[in-house]
Amino acid sequence: MYSLLCRHADIGILPSKKVYSEEEPLIHNQSAVDRRPSWLGKFFERSITARRVLLFMAILGMCMLIGDGILTPAISVLSAIDGLRGPFPSVSKPAVEALSAAILIGLFLLQKFGTSKVSFLFSPIMAAWTFTTPIIGVYSIVRYYPGIFKAISPHYIVHFFLRNKKEGWRMLGGTVLCITGAEAMFADLGHFSKKGIQIAFLFSIYPSLVLTYAGQTAYLINNVNDFSDGFYKFVPRPVYWPMFVIATLAAIVASQSLISATFSVIKQSVVLDCFPRVKVVHTSQHKEGEVYSPETNYILMVLCVGVVLGFGAGNSIGNAFGVVVIMVMLITTIMLTLVMIIIWRTPPALVALYFIPFFIMEGAYVSAVFTKIPEGGWLPFAVSMILALIMFGWYYGRQRKTEYEMANKVTVERLAELLARPEVQRVPGLCFFYSNIQDGLTPVLAHYIKNMSSLHAATVFVTLRFLLVAKVDERERILVRRLGPSGVYACTVQYGYADSLRGDDLAAQVTSRLRRHVEADEAARLEAAWRAGVVHVRGKTRFYVGEDAGWFDKVMLGFYEFLHGICRSALPALGTPLQQRVEIGMLYKV
């Protein structure tokens, strides 16, 4: 939603790498919307403080969602496996935690194979879960308390808060887990149609939740001491083991969903230049959303197992989970309201009908779960603050680097001046010079020409453009144009997540495309340069922080350089031969 807002109004702070969707033009870099921004969009454009708050809110929401990806597998699997202690009271808590940790480790080790190979099992498992639990709920309602649906009446809700006052408000924190999980299906719009999700929610998920929780409540009214493990206690003995199997499988599917969501949100953040670059592998040739990140996967595995072993003995993990989920829901509500006003231009009355009720409800829940912070709720905040520090350090470094590159970029006119100097020679060969600046050329080029006093006879400045499609059509894959000086060309290579980029093949394709767009004598010179040898040049830039720099720059840019040193390269693995690779180092002075 943050990237969507940035595309429709000039409210972004960092000029992020542009990512093109399948519907957008592949050849022309056109804006998605050419209309004037709304009043709220103009406010964000004028106020740098408001834009920073918006960015911080988006970062916080993403960090909390990653925290959700840590806690959901832990609490789901641990709660399901805890059902072993019903028939077998001798099974200890540590044994349940160890078995849960083993299941989670196995689940994370299977991530590299992709979800498509096992996703055909997801629908039957979730269908079994959503259709069996309400049946047990109906049985429990009939047996224990047929009048349980009186609880839906607003009269009892108001009476509850009038009677319990502050204690009733605090009890809201204990009910958060009853509403979590259902909201996750709305995040699947990237995989399913809106109509399909609406039908599934109205005719399956919602009635299943109401009947299941009503059945549990009916049981607990007559068995008030079983509140700590009320689910397995209200399952009738004849169907206990089938429900245990279904619950365990459903917990694994729920865990898989949040793990996949974490991979997806990390990938989006990397593409938007808000997170250090990590390896992202597309595990499906047909579905753009199925991704896998090895580094993210193993860090999540360690954190999930740590949560199970460290918090599994009490209610702390549930308290932590409630804080994360309700914060994500509140931030989502605020961001969606901004989308309604800035992009959809929804009438104010309809915006108020959505925003006011949801903000009041979720705000009440947020204030209630904050009381759980000392009881385990501090965990997601700690994880979120660490992630936010990493993201802010990376963002700050990228912002300063972008500012330097924009201020010192090489224009076509400046390039002509550099090449016109008498000491600059044109040497034989074909050079592919990689640059990520759309409007102009990287400052590394001027640094290279000044120090080497040379440029290859044929030089192609290559910009790689990633598109959210599997494969790019051959006719639109490589776009070339001539720049001002002789033998200097610009090339844009468009590729999808299933396209392979190999340096030698890329050089042959670009050369072939160029020959078709130039005159015969120029094509002959290009062919001669290609036969003389091919070299791939990329810049390797670092910050030079002088003594006159402030302490904040020294700390933050030093942290950025550390992150930059351990993260992946900005360019995809081109597979160019080692003898053809050249890296040009340059210091950006702060």
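These residue numbers are counts, starting from 1, taken along the chain as shown.
Even glycines carry a Cβ here, placed using N, Cα and C.
Sequence annotations record features per position, and here TrEMBL assigns domain 'K+ potassium transporter integral membrane' to 49-416. Taken from TrEMBL, the feature transmembrane segment covers 53-75, 120-142, 199-219, 239-259, 296-314, 320-344, 351-371, 377-396. Taken from TrEMBL, the feature domain 'K+ potassium transporter C-terminal' applies to 428-589.
By the Cβ criterion (distance under 8 Å, sequence gap of 6 or more), the transmembrane segment (296-314) is counted as touching the transmembrane segment (53-75), at least 3 such pairs being found. A contact links the transmembrane segment (320-344) to the transmembrane segment (53-75), because at least 3 Cβ pairs that are 6 or more residues apart lie under 8 A. Taking every listed stretch (120-142, 199-219, 239-259) in turn, the largest tally of C-beta pairs under 8 A with the transmembrane segment (53-75) is reached by 239-259. Averaged across the domain 'K+ potassium transporter C-terminal' (428-589), pLDDT for the predicted model comes to 83.
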